[in-house]
Structure formats: structure tokens, C-alpha cells
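TrEMBL annotations:
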type	residues	note
DOMAIN	A:24-90	domain 'P-type ATPase N-terminal'
TRANSMEM	A:84-102	transmembrane segment
TRANSMEM	A:284-307	transmembrane segment
TRANSMEM	A:327-352	transmembrane segment
ACT_SITE	A:ASP400	active site, 4-aspartylphosphate intermediate
BINDING	A:ASP400, A:LYS401, A:THR402, A:GLU504, A:PHE545, A:LYS568, A:ARG602, A:THR682, A:GLY683, A:ASP684, A:ARG798, A:LYS804, A:ASN827, A:ASP828	ATP binding site
BINDING	A:ASP400, A:THR402, A:ASP824, A:ASP828	Mg(2+) binding site
DOMAIN	A:850-1104	domain 'P-type ATPase C-terminal'
TRANSMEM	A:881-902	transmembrane segment
TRANSMEM	A:914-934	transmembrane segment
TRANSMEM	A:963-985	transmembrane segment
TRANSMEM	A:1005-1025	transmembrane segment
TRANSMEM	A:1032-1057	transmembrane segment
TRANSMEM	A:1077-1097	transmembrane segment
Amino acid sequence: MGSLLSRLGLECGAKEVKEEERNIRANDREYNLSYKYANNAIKTSKYNIFTFLPLNLFEQFQRLANAYFLFLLCLQLIPDISSLSWFTTVVPLVLVLAMTMAKDGSDDINRHRCDRQVNNRKVEVLIDGELRSEKWMNVQVGDIIKLQNNQFVTADLLLLSSSEPLNLVYIETAELDGETNLKVKQGLTVTGELEDSIEKLASFDGQVRCEPPNNRLDKFTGCLSLDGAMYSLDNEKILLRGCTLRNTQWCFGLVLFGGPDTKLMQNCGKTTFKRTSIDRLMNVLVLSIFGFLAIMCLILAIGNGIWEYQEGATFAAFLPKPEGVNPPFSAFLTFWSYVIILNTVVPISLYVSVEIIRLGNSFYIDWDRKMYYPKNDTPAQARTTTLNEELGQIKYIFSDKTGTLTQNIMTFNKCSINGKSYGELLDFAGQRLEINEKTERVDFSWNKLADPKFWFHDHSLVEVVRGGNPKAHDFFRLLALCHTVMPEEKKEGELYYQAQSPDEGALVTAARNFGFVFRSRTPESITVVEMGKLVTYELLAVLDFNNVRKRMSVIVRSPDGRLTLYCKGADTIIFERLHPSSKNVMEATTQHLNEYAGDGLRTLALAYKDIDLNYMEDWKKRHHEASTGMEQREEKLDALYEEIEKGLLLLGATAVEDKLQDGVPQTIEQLAKADIKIWVLTGDKQETAENIGYSCNMLREEMTEVFIVAGNTAEEVRVELQNARRKMRPDGPEEPTVRMSRNGLFCLLKKETMEDEPVNGEYAMVINGHSLAYALEKDMQKELLRTACMCQTVICCRVTPLQKAQVVELVKKYKQAITLAIGDGANDVSMIKAAHIGVGISGQEGMQAVLSSDYSFAQFRYLQRLLLVHGRWSYLRMCKFLRYFFYKNFTFTLVHFWYGFFCGFSAQTVYDEWFITLYNLVYTALPVLGLSLFDQDVNDRWSFQYPQLYAPGQLNQYFSKKAFIYTVLHSGYSSLVLFFIPWAAMYDTVRDDGKDIVDYQSFALLAQTCLLIAVNIQLGLDTYYWTAVNQFFLWGSLSVYFAVTFTMYSNGMFLIFTSSFPFIGAARNSLNQPNMWLTILITSILCVVPVVAYRFLRILLWPTINDKVRHKMRQEKAVLPAAPRRIQPRRISTRRSGYAFSHAQGYGDLVTSGRFLRRTPRSRGIVFSHTDSPLAQAKPQLYRTIVEGEEPPQIP
Amino acid sequence: MPKKELETANRPDNTAFTQQRLPAWQPILSAGIVIPGFVLIGLAFIGIGVALFLTSRNITVLEMDYTGVETTSDCYKCSAGTLPNCVCNLYFTLNETFPGTVYFYYGLSNYFQSYRKFGASRDDNQLSGDTYYFTSPLAVCTPYQYDVNNNPIVPCGISANSMFNDTFNLYQLVNGSKTVPLDGRGIAWWSDYNIKFRNPTSDPLRNAFNGTVKPPFWSKPVFELDLTDKSNNGFLNQDFLVWMRRAALPNFRKLYRRITGPDYASGLPPGNYTIEIAYNYPVMSFNGRKKVVLSNVSWMGGKNDFLGVAYLVVGSLCIVMSMVMLIVYAKFKFPDDV
């Protein structure tokens, strides 16, 4: 606890000296302690027992509303001003503070618990020459610790030695950056020699000088001095806290940064706070309400001044004025008195209620079974509970492709071998059968090494392969040999492939199941089990893939000495290089390829060629020369490759399905109907992105035109954009219409809004990252936005994470529309954070996107439920709540205003003080909560049936400044009725026994009862969906009102608390009078009759979409017409993906270099630079490539 | 039972509440409800309105200003406030019987009992007989908390100090003048008389008030308000109670007496009457008005035409609105296409 307290000072910014350089001596605690570096204990909690109350209160009073109420409380303590007892403010304030405090407190207790759990983790620390198990929090900077496999890294460590060769360790950085693929770190050779010898480690006295703590995960600078020699340290040698050690038995590390100084902790706590547009509107409204309040108070104060001047002075005989109070001063005091009384126009409970409603609506998202994905047991999660209503206002969706629209699972779907197509199931009549879960699968049990997760449905292919068809064998042999996949065989027979792209993985897996099992590789050889027989091929060359070549080849020597080149690549490229003898096969294959492309499959053509031994010798020599030469290496190599990849014999083609997630096209169609624009931002290459665009129905054949923007210079891009725009809108103006407006607090924010422009026909735009970089430049971004917004669909391919965020920002800036970004990978984080609402796809891999998202769920298709159901309801509820809440409080308050004219503007309240205290907190709190938690205009099925219902949210129709003014006028009317009807009805009247009834207390009771009943009827009118809970809340609150009123006005309460309950008897004496009740009846009816009439006529004359659907729903008594089954049309198209392998350059270089596989000489380790090596560019990953958009466009 | 063993620990509960499927009544403002509703409300309101209006019409009220603004008024002489114990008379003639129990009210206009300070300046503890507050009244009573000699004022505060102190006697002028008996018992609320206001428990009552002074405007201390009737003395004096029940509006009337007696209990017979007024309460300075009001009551209380008229108007409006809505509905129906 002591250390926690001492750290508190540090956290408050009282760090005395800024650390400039860190100086650590290994195994020398005393030396290191002299620098007072933080130890490894972390503290994410904010408070402790003693600081909780003051700190929390301090934080809470920084909020405007709370501070305002504190100010009111102070005003109330001035006797000359106080027009209300102190409890009217204290009770709500304390309640609100207590609720917030309870929430903060429980949050902090959780953090404390978390901290304690982390701090008490055990790790082995080398102390006094022996390894001791210590708690994490006791680890000091300069300690040497030992990590075991699968342990979390305790602190930021300098890697000393490890169990693996070359001092390598493998770590997983999922907690840091969300990437689950393994990364390699390598220690210095000199420290690696320490190995696991305790003596050597204990006597290790290296001294480290390094950078001070910072939050840059990718950079480290420092140096180690050992025995007089200096070794430079970089990020390669550092293990960061938050990583996990994998595939490494043990490693030793020197603690450099502990606890709060670690890069993980330095990166924490900088969450950007998102606010909804309703929030901003609310702030503006609250401010204008303050203005309104001031005006009302001013009017009343002036009234008071005049009254005092005209009447007060003469009435002073009975109402003596205090010393020195003249009319102006009295007016001044009255102003403040009325500020107190009329404060209810800015109710403190507003913010609390809004939070409660959002929380409730967030829970509905968490609880929704229809957004729960049973396959990986992932429910939807509202990670932010403050953005709900914005879900009902989305105008633009920015979606990632891989893993979001697609499952990121590639399946080997069809193939064409030697002019014959396989993979399609035909029935007896020759019709295509639909393949689904129930279709019988091909049995691969004859193949011990088959991957059980691989499905195939066409039995004929297996028969052909098992029948020994040489072409089929060559086909799969090619697939087993020509790739850069890394095998991993943890147990005998259990193979795992680490592929650079999922397509490659799918192809190699297909080969594996059809009996050509890629087993292992060395830099010089590839071992394959061919139909159960182990065959080792000598690998002579890998002609790697790149974007220009669009193909890759391997040259292998089979055991019988035959030299073969196997090549796979884009069909167009391969077809150019075929031997004329392949013409027939080529024709048949072309037809198949067209069919495959029509199904949205990603295709590759396969070819091979036998090579003459002598030619090979020569070629190899030249290849060696070229690859070691310094000049024009790339060009020379390309020429060599070109030379040998000629005269190929076509084997066939593969078709890999980039599987869309379930329901993606339907979801996109639904969202499009809801007038939400969907932009796909992907790191994939253009062909792939287009292909997915077609298969998920965003691009359609019947579209008028699909513009492709792929210019290489700024001018080209501009011209392409302009041409596209002119084509879409030939008569449009050259300059976009930009509406300038000012907004925000005091209109300080300048806003530019670009108007939507109508176009005829449906257009789509595909723009690549290179062009996007130009288009996002300042002078062209409006052109881009204008053109893009005219299109139905926009697909940006090959974009970098930064560009994704830029696109989102661009739309946010000029469209003033609510944006949503959805993605699953680390590369989507920037756009998720930039958009108003970020959605993460969870349960796939990598938590980074989810961690920075506001909502997460497992499947893209849940997005429609999130928006069209939850978002719409949340928005509807929030707007209804706000409208009603302002209505009820304005009505409540304005009655005071009218009464001012009958009490000499003396700030006399109309109601009992207790009523004022309890009105918002008790009498009207629950019904309005019930409304805003349960209300639904139409149920979820109807919401889906009519996605148009979503439109009002986008247009801000339910709550805006206009709606607010309407509400104020409405409550003005109600307050007039609520004051003047009782006033006139009670004027000069008496009870039925002749006694007094127009006394202040009876009038107050009458006014407050009328008010409460009127606002409750209004609530009833606003409620569309009367659940039992709503009924209970409404009737309960009314009963509670009467019960509480009778109790407070009872004899007992007066006898016990004489001065607090002066209203004794008022309820009994007035509520037994028929004219009281008749007054209540007419007042409340008169309040609502115009509203009912107006709404009824409006529904008849100007029905909204909402009214129409509700009407229809009622007519059909909730018999929803069954949604028509959507049949995915088979696309007849000549478009097809050129080369399925997307993303980065392959790592054939790495495969052959052997660095990855072989124990290299020690000296290599030092030049092994992570950032430059192909390893960094092409991390072996399981079916996932995080590094999208490898080539950042060069912007001149 | 699921075919496959799926881990479903995180599956949300399938309840109507969590899935937002709570059964609910979903009324909409359809023509079938709104138009008949308006008609019904309209008819009911017109009915109530007629009843109220007729009842109100049958209530007899006789209201007479006696402030003495006009020089012709007998009370003109008193209105200047210069004459001590000024008495004036107010004559009126009834041509018909004033039926029922007749209530005698006094009324004040332009009198701001509703002023915040006026209402707040009182001490309910004191008035409930708590003698602790006799010695130290609440500060809200200022400037009538202590007198110049620092003696506590009981009852303290502006409310009490300003108590109305005109008194009235009613005579029927038949063969000279015949006193019409006025009953001042039970004119205050039961709860005020029995609970809210208590005299201190001391006998004689005046002992409890030792060391206190009367409010400066009062002519006699509170324990001498009615020396003839113990139960009407001190804080329990009915006139005091009636005054202390503060009016909500600047124009108000307060019950002064009920007219009783064998000849008058069921109404004032026709004839000439005079009200003898002990004119003490000054209102001219602030342009106030004083009046006496004679009124009988009905089930709906005193005379007030407004409520009946309001019901009639609102009821008719509802009928008219229902017609309009019917026309609009017939013309536009509801578009079936969505």
C-alpha cells in the first residue's frame, strides 16, 4: 500500500526529474535502486480507500451538470435568495453523485483485483546466485529472470539467452498488437553464451544504457557494455511485457523497464472519448436552455422590480422590506431566486438517465441471441455503452474485406485437369446440384495424412487420381511442389501448413488430401508423400511471385533425375507462355475458367515443362551471376525467368473459393435498402476486391457502369475522377455544392457540408491505393468525395491502414454523416478508431480490432441486426426519451413562470417543495425509463422487412433543434393549461362546506396533481409498446405519488417533523372535493386532446414510413409475409481474378536461403536484421496476412 | 438436444426480456379509436359542463365592497384610517330568500399573501405549541421575530402579524334591527384546528406566553383572542386559523362566519339588512379592496361559472374535432401502400 501511495504522487504528474537515459547494471540491485526506477508492480486503479472520496468527488464536480448543481446549492444557502429548501437540490445531487460513485468504485475494485492478480504472478528471478520464485511486483529493474514456454513476459526484457539455437525466441504479441503469428527475437551472441548456466548468469555484470521509458513498440535504442566492449541494442533483442513466449523452452532476460515504465503500460489509458451527435446536440441544447433560463429569470426579475416599485412599496405595511432592499436590488435577488426555482429545466437527472438508457440498450445487444455465434461461442458485445443511439443514424459503412465480408477461408472448390472439369455435382438430368452441408463428402480415409477439415464433393476426381491418371498426378504434384508454404509437423502425421496467403494453403491442402502430401522442405529439397510413397525432390530454383510476373515457378529434380519446371499463375500470363500443343486443352480450360469466374471463384492456371539438363546447367550459372551481380539485378533476373518460363504445357486450372461469410449479400442488400452506403476498404488487390464485390452483390452486372480509377499520376487520377463524375451527372456543376455552417458551442466550429447529388442509374467505383493516395491530397479530396458519393458502391483496394482512416475522416468531415467502420484485423484499427462507431469482428484471430472497437460480434451479417434493430430502437428510444424528458421538465418549470405573475414575482414555488424534490427522481423517473428501455415502434421482423424505417435516424428526424423547439412550444401550451385552468376553476370558489380551498397548499396540490397526470398521459401517448413493466411503472408511479403525498401530508409526519411537512391535511381536505377532480380531469384532457388530434391528422395527411408500417402491421395482425428466398444469380461474366495470390511478394527467397530453417553460422545472427529481412515482410501465418497493402504508394 | 457438442457457455439467456420479446399491447391512433373517443369525451364533457353550469348558476352570491373608496360609501370616513375604532355600516336588500346555509366571507383584493416572504415568515413549531420556539422564534419570522426590546414575538412572523382584524355583525332591519346570529365555530380546516395548531399546555393559557410580546399590529395578545371560549382562544382561534391558511392568489376570500339561528339556518329571508363593520384593517395604502361576500354552496363548492363553461367549450371542441377528423379520414383514408 505504501508503494501505491508513493506512486500516486508520481501519477499526478509530480515526477521530479524527467528521465533522460536509463542506466542499469545487471545483478546489482543497489546500483539500480539509486536511480529510483519503478519496479514491476503495476497500478491501473485510480483510487485507494483514502483518496476515493475526495478524488472521485473532484472528478465528478468537473462535469458541468454537477458543478451547476453545486453552484445552485451554494445559492440556496444564501437566505435572501433561497427560494427552495436545501434538500430539493441536495437529495438529487447526492443521489446522482452516489450512483456515479458506486459505479466508479466497483470499477476500481475490479481494477484493484486485476492489478493484484497480475502483480502476484510468479516468475523465477536470479537473486544472490540462485533462481527464486518471486511475485511479479517484486521484480526490480536490473534483475535477470527466467521465462518458461507459454509464460507471459514479465517486464520489458533484454533477451540474454534462450534454449533455441542462435538465441532465438518465438513470441506471440496478441496482447500488444493483436497479431497471433509468431515473431522471432534474437539475443546478442555474447550474451547467448551465458546459456542457462546460473553461475555465468549470476556473474554477468553487463551495463545497459538505453532510452527512457516510452510508448513506441517498434523502436528501441540502447547499448550494452560488457567487459569493456560495447554492443548496440535494438528492438530485435527486446521482449516486451504483454507478449507470450512460444515454442521456446526457456529464456533469460534482463529487466530494463518495469511496471508502469513498460511499453505496454505506457501505451495504456489513452482512449479517445467518442461522443454521439445526440450528445453534442444535447450540450448545445443545455447551453441554450441556460440562455432560456436566464431570459425567464430576467423577465421575472424585471417583473419583480416593477412590482416592488408599484405595489411592494405600498404593501410594505404588511410585508416590510429588509433594510436596504430597494426595487432594483430586490430584482437582483429575485433573479437568483428564480434561477434556483427554474433550475429544473436543466435537470440533473438528464445525464444520469441518458447513461442508464444507453447502458440498458447496450445490455440488449449483449443479450441478443440472434447476434450470438454458436460456432465459436461468441455473443455480441457492446464494448462502449455510450454510443447506442448513433447506431440508428449510420449513413456510411466502411468495411474491411478479408475476415469481415469473407470468412478468410479459402476452399479448393473446383479444378480443371487436362480439359476436364471436376468439383461440380450434377444430377441425372445434368443439372447442377446445390452443394450444402448435407451433401455427401468425399471419403479421404484411404489417405492417412489427409486433412480432416478438407471437404470435397466430387467423387470422380478421387477415382481419377487413384486410378493413376498421369495428368491428374502431375496436377497435384505441381500443387504439392510449387509454393512457399512452411510445413510444421508437431506430431507424426499431424501436419500444419503455414502459408503466406490462404489461397496457397488451400491448394497445398488440396494436394495433400488427394494423395500428394507436402511433408517437409529444406532449402535444397522438398519431400512429398506421393500416393503413400515418400519422394524427395531436389529444389533447384524458386522463381518467386511478384506483382508484375503474376506467376511463380519451381524447378525440381525428381529422384529419377528428371528436371521439371512447375509454374502456376494468372491464366492470361500462363496462356501466353504455353506450348502450341496445349491449344486444345487451353480452349477447354478457358471455358472452365470462365465458368469458375462466373461463380466468383479465384482461379489459377497450372503448367509444367521438362527441362534439358545442359540448358539447366547453363541457366543456373547465369542465374547465379545475375543474383550476385550488383547492377540491374532485378531486371536481369526477370529476363532469366522470362526465358525459362516458356513453352509450358498446360495442366489445368484451379478454382479457389474465397468463402463469403453467411448472409453477406443479403445483409448488404438490406443495408443498401436502408440507404446506408457501403464502402469496402481492403488491402487486397483490385481483382480480388472486385471479385468479392460481385459475389456479395455490391457490384452488379446490370449496373450502368463500374468506374475503375487506377491512375499513376495526380493528373491522371483527377481526370479519371472528373470523367466518371461527368458521365454520371453530365449537367452537374463543375464545383461541388458546399454548404458552410457554424456549429457547436457558441458556433465556434466551422462546418462544410457537401450536398448529395442525384444521379441517374447505378454506378460503382473501384479505386486503388495508389490513386487513392493522390485523390486524398488536399486539392483533390473533394473531387474524390463528390464522385464517390454519387456511386452506389465504392471499393478501395490496396489501401494502407492509414488511408483507411483518411477515407473515413474525409467522409466525416464533408458529409457530416455518421460513419461506421467494421473490420477484424490490426490493419482496421485506425479506421475503427476514426469512425464514429467502430465494430470489430470477434472470434477470428487477433483481438486488436475488437479491443479498439465499440461493438463486436462474430459475423458480418449481425451488422444488420445491430443497425436495423438495436440501433434503430436505441435511437428511437433515446429521442423519445429526450423529447419527453424536456417536455416534462419544461412543463413542470413553466408553471412556476406563470405563477410569478400572481405572487408578486417573489420566486414562490407553485408546488410543494417535496414534490419538486421527488418529481424527477421518483414520480416520473421510472415511467420514462420504461419508455426508453422497452419501447419499439415495430418489432424486429418488421424492421427487417422494411429497412426504410432506418431512414429517419439518418436524417436526424426524431430529435433535432426543430423537434426541441416543438417540444418547448408544446410544454409552453401545457404549462399554460396547467396553470390557468386550475387558476380559473378555483378562482373565488370554496369547498362544499363553505371552507377555504383556494389556499396556497390546496392550489399547489391541485397544480402538481394535474401536472403529474398530464405528463403521464403524454407518456402514454408516446408509448408504442405497452409491456407489463410499462404499465406497472406508470400506474405504480401514480400510486406512489398519491401514497407519498398522503403520507407526507398526514398527521403523523407533521407531528414528528413539524417544520418539514407544513402541508398537513392539504390532501385530505382538497382531494375529497369533486370540483378538484373535475379540474384535474379537464386540465389533463385539455393538455393531450390537441396532441392526439394533431397526431391523428398528421398520420392521415402526411404519414411517415413509420406510420405506414405500423398501420400495415396492425392490418395484418402481425402476420409477416415470409421473406422471399433470395436466389444468388449465377453470374455470367468474363471478369475473373487474374491471380489469386494477393498481398505481398512471396518468400521464395527465404525458403531457399535457409535462414529460416537451418542453423546458420553465428556471425549471421548479427546481420540478421528483422526489419529488412523477407521474414519481416512475409511472416509465415496461418491463413491470414495482416500486412495488407505492402507497398505504400510513393507520393511525390 | 444439439447434435454436436458445442460450447455454449456464453449463449445469452432466451427470455422474453433479454430478447426484447415481452408481450405488449401496441395501440395506435387509429380512426376507430380516436374519432369515437373524441365524440365520447365531447358528449361526456358537455354533460358535465351542463351540470356544472346549472349548479353554478343556482348558487347565490352577494358581494359588497366596503373599502370606502367612493365618497358616498358609509365606510369612506374610515378608509383614511385616521379614526380609531371606526365603525361603519353596509346596507343591502334581499328581494328574494337567500336559500340554504349562507356563508359570510370577507374578501381582499390586491393582497399578496402569495408573496414568498409572506408565506415563509411563520414558525409552525411555535404554532404547534412548542414553547421552545416561544423564546427563540425561527429567523424566517424577521422582522417580526423579536421586538425592539429583544422580546420574542408570539406568534411571530409577517403572516401572523398581518392578521385581518375587521369584525362584522349582521342585522336584519325588521322593526328596528334584529341580530342575525353568526357562528364562527368550525370555519377552519379540521386538520388545522386539531393537528397543525396547538396551544401550549398551560393553565391559564397566558402563563405560557410570559416573556413574549404580541405581534406589533395586534391589539390584544393571542391568548386573549377569545376570552369567552377557551376552545377558540390562542392559536386555536378560528379566525386566526383561517387567516393563517395562506391564499394562493392575490384576490381571495376567507370564511368569516356561518349564518345560523332558527330563523336563518335555512336561508336569509327577503328584507333589508345591515352589516356593522368595525373598520380596522387598512388596505387603501396599497390600493387593496375589502369586501364582504354572502354565498351559499353546492356539491361543487362556491360559485364558479368557469368550470362549467370550460367543460362545455372543450366538449364542443372535441365534437367539432371529431367531425373534422371524420371528414379528413373519409377523404384520405389510410394509404395502404408502403
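Placed from the backbone N, Cα and C atoms, the Cβ positions cover glycine too.
Nobody curates TrEMBL annotations by hand; they come from automatic prediction.
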Subject >> Contact set, same chain, for the transmembrane segment (A:881-902): CB under 8 Å, 6 or more residues outside the stretch >> reply: 278, 282, 285, 296, 300, 303, 338, 341-342, 344-345, 347, 350, 353-354, 357, 908-911, 919-920, 924, 928, 931-932, 958-959, 963-964, 967-968, 970-972, 974-976, 978-980, 983, 1007, 1011, 1014-1015, 1018-1019, 1022
Original post:
Looking only at Cβ atoms, how many others are within 10 Å of the one on A:ASP824 (Mg(2+) binding site)?
Top reply: 32
Original post:
Can you say which of A:84-102, A:963-985, A:1032-1057 has the most Cβ pairs under 8 Å with the transmembrane segment (A:914-934)?
Top reply: A:1032-1057
**OP:** Run through the domain 'P-type ATPase N-terminal' (A:24-90) and tell me, per DSSP, how many residues are helix, strand and coil.
**Re:** 31 helix, 2 strand, 34 coil
Original post:
Do at least three CB pairs under 8 A connect the transmembrane segment (A:1077-1097) and the transmembrane segment (A:84-102), leaving out pairs fewer than 6 apart in sequence?
Top reply: no
Original post:
Cβ under 8 Å to the transmembrane segment (A:1077-1097), counting only same-chain residues 6 or more beyond its ends: which ones?
Top reply: 970, 973-974, 977-978, 981-982, 985-986, 1006, 1009-1010, 1013-1014, 1017-1018, 1021, 1071
**OP:** Measuring CA to CA, name the entry from the binding-site residues A:PHE545, A:ARG602, A:ARG798 that ends up nearest A:ASP400 (active site, 4-aspartylphosphate intermediate).
**Re:** A:ARG798
**OP:** Just name the winner among A:ARG602, A:ARG798 (the binding-site residues) by count of other CB atoms within 10 A of its CB.
**Re:** A:ARG798
Subject >> Cα separation, A:ARG602 (ATP binding site) to A:ASP824 (Mg(2+) binding site) (Å, whole number) >> reply: 22
Original post:
Counting across all protein chains shown, how many other Cβ atoms sit within 10 Å of the Cβ of A:ASP828 (Mg(2+) binding site)?
Top reply: 35
**OP:** Give me the mean pLDDT over the domain 'P-type ATPase N-terminal' (A:24-90), rounded to a whole number.
**Re:** 84
Original post:
How big is the Cα-to-Cα gap, in Å, between A:PHE545 (ATP binding site) and A:ASP828 (Mg(2+) binding site)?
Top reply: 26
**OP:** Take the Cβ of A:ASN827 (ATP binding site) and count every other Cβ within 10 Å, whichever protein chain it belongs to.
**Re:** 27
**OP:** Can you see whether DSSP assigns A:ARG602 (ATP binding site) to helix, strand or coil?
**Re:** strand
Original post:
Using Cα coordinates, what distance in whole Å links A:GLY683 (ATP binding site) and A:ASP828 (Mg(2+) binding site)?
Top reply: 10
Original post:
Which one is it: of the binding-site residues A:THR402, A:ARG602, A:ARG798, whose Cα lies the shortest distance from the Cα of A:ASP828 (Mg(2+) binding site)?
Top reply: A:THR402
